[in-house]
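Novice: After the structure tokens below, expect a handful of questions from me.
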Amino acid sequence: MGEHPSPGPAVAACAEAERIEELEPEAEERPPAAPEDFDPGNTGYISTGKFRSLLESHSSKLDPHKREVLLALADSQADGQIGYQDFVNLMSNKRSNSFRQAILQGNRRLCSKALLEEKGLNLSQRLIRHVAYETLPREIDRKWYYDSYTCCPPPWFMITVTLLEVAFFLYNGVSLGQFVLQVTHPRYLKNSLVYHPQLRAQAWRYLTYIFMHAGIEHLGLNVVLQLLVGVPLEMVHGATRIGLVYVAGVVAGSLAVSVADMTAPVVGSSGGVYALVSAHLANIVMNWSGMKCQFKLLRMAVALICMSMEFGRAVWLRFHPSAYPPCPHPSFVAHLGGVAVGITLGVVVLRNYEQRLQDQSLWWIFVAMYTVFVLFAVFWNIFAYTLLDLKLPPPP
């Protein structure tokens, strides 16, 4: 300090955040100390009075939405103190569970206009606002996302997966000379990406089958759902979390087929797509009053109809006379595996925007359930086919 002017709170907090390592819960005995001017006793807390004076003296340097969240944090403290780590987490975009709990009451006192009512936004700002209202149920989360989103990195995961699926489909269409119901072509199952029960020891097939689709009608709906649902979710929750839900749905889909429909092959990205869509729909239902997306009932009905039509097409195809007997057409059970992942792991991810998943007990419960299922399916694939003396179709 001395003769130099004090930096703004955001600058000071971000600098502090860079040198403070997040402690694990079991090792976190006390929060990090605040600057001496505001925490002379080095207790790790700032009084709400000093905190308010800090905000008022630097209000012109703070984003108005972030200032509202900070004031809500101050208003929610009955003991007159604010943990400095919460302040650092806020200013460095690292929110925690304790922070969310601290502002729940203060959030009710926010009196400024909603994000939806703001005028004069450019096209990109309106797009970000639209995504916030499509995916987040709390106004304070929507404002936080609107202020924090920088499109760096962009939603690369869903776009990359979609482009790869389209590229593989076009390549197969040209090589087979067939784009509609490609799966009926006698050479379709010879592709090394398809999951086939006789080749289940080739572990990559449990994942790579997403790049093979039954036909343009199958690919079309999956691509539309991936782009309309997956891209906005990735913009909000990030590629790591959305990619985790998607891949978990894909693997659960193929493993579910290997357990419940043991003689059938698997193709298509429906396991991953249904994981994302079912998680999103479940999140909307569970936060119905908070979700402010337009025509949500109608859009949910349309999404459910599209998913039902795609599932019905898969069921019909599974029992349709096969083009390569005795091997049946691809299974529909992967859809159900994706839904199971979506309403468990997926819902926990979507309900905890910017929160640490490892702090959520439900997260660990569902991770344990998923792990048990994967281990069961692995042992099933190793032993059950032999013990049941199942007659599998010949390899393609």
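Keep in mind that glycine also has a Cβ here, set from the backbone N, Cα and C atoms.
All annotation found in TrEMBL is predicted automatically rather than curated by experts.
I grabbed these lines from TrEMBL:
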| type | residues | note |
| --- | --- | --- |
| ACT_SITE | S270 | active site, nucleophile |
| ACT_SITE | H335 | active site |
| DOMAIN | 201-351 | domain 'Peptidase S54 rhomboid' |
| REGION | 1-42 | region 'Disordered' |
| TRANSMEM | 242-260 | transmembrane segment |
| TRANSMEM | 266-285 | transmembrane segment |
| TRANSMEM | 297-319 | transmembrane segment |
| TRANSMEM | 331-350 | transmembrane segment |
| TRANSMEM | 362-388 | transmembrane segment |
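Walk me through where these features lie, including what they touch and how far apart they are.
Specialist: When Cβ atoms from all protein chains are considered, those within 10 Å of H335 (active site) total 25, not counting its own.
The list of residues near the transmembrane segment (242-260) in space but at least 6 beyond its ends in sequence, with Cβ under 8 angstroms from a Cβ of it, reads 157-158, 161, 195, 197, 200, 205-207, 209-210, 230, 233-234, 266, 269-276, 279, 331, 333-338, 340-342, 345-346, 349, 370, 373-374, 376-378, 380-381, 384.
Below 8 angstroms of C-beta separation, residues 183, 214, 217-218, 221-222, 225, 229, 261, 264, 268, 270, 274, 277, 281, 284-285, 328-332, 335 of the same chain, each at least six residues beyond the ends of the transmembrane segment (297-319), sit close to that stretch.
Taking Cβ pairs closer than 8 Å, the transmembrane segment (362-388) reaches residues 197, 200, 248, 251-252, 255-256, 258-259, 262, 341, 344-345, 348, 352 in its own chain, all 6 or more past its ends.
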Novice: Please report the number of other Cβ atoms within 10 Å of the Cβ of S270 (active site, nucleophile).
Specialist: 32
Novice: How big is the gap, in Å, between the Cα of S270 (active site, nucleophile) and that of H335 (active site), rounded to a whole number?
Specialist: 6
